[in-house]
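*Asks:* Just lifted these from TrEMBL, have a look:
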COMPBIAS  127-142  compositional bias 'Acidic residues'
COMPBIAS  143-159  compositional bias 'Polar residues'
DOMAIN    14-117  domain 'PH'
REGION    127-173  region 'Disordered'
Amino acid sequence: LEENPPKPVLDTGNILKQGYLEKRSRDHGFFGSEWHKRWCVLNRNTFYYYANEKSKQPKGTFSMEHYSARLASHLRKDSRKKCCFELTCPGKRTYEFTAPSPAEAEDWVDQIQFLLKDLSSLTIPCEEEEEEEEELYNDVDSSDSMNTSHNTTLNQDEPNVQGEDIYEVLPGK
């Protein structure tokens, strides 16, 4: 069995961004490189590209781990050069894309960079919240020394309930 079996477009899960992009072909034609319109889907850790949005099998996929994204106006010489971006990874294939507009290219790059930052992060967002709560709790603990004497004087009036039932049984009416 394959590690990552091909998934239909609608079944990639956790889609962060999707849409049509032009992808530069790997094997450059006689007249230079060729651009092909592809339906692209970015999920939490994989980039998929399909012939169109109804395709069941991707034309290609790659893990986003260790990739970086940047705008790349040098990829084209025509009026769409400000719509270009590339995904690069040392020792792996570089993927080159053209978005429908410069704003769309920026959005793709932003989404990919956000994903990559999340992938390289050692903390999970929900853990960060717990840590903040613990820090707040620890701050209370550290200021507890001021309250200790106050609590001690209050506790002296209370009976020692250690090991006893803390609930009082009320008489019935």
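Quick reminder: no glycine exception, Cβ is built from N, Cα and C everywhere.
Since the structure is predicted, the reported quantities are computational estimates derived from the model, not experimental observations.
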*Asks:* When the domain 'PH' (14-117) is classified with DSSP, how many of its residues are helical, how many are strand and how many are coil?
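*Replies:* Here the numbers are 22 helix, 40 strand, 42 coil.
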*Asks:* Average the per-residue pLDDT over the domain 'PH' (14-117) and send me the rounded value.
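*Replies:* The average pLDDT of the model in the domain 'PH' (14-117) works out to 93.
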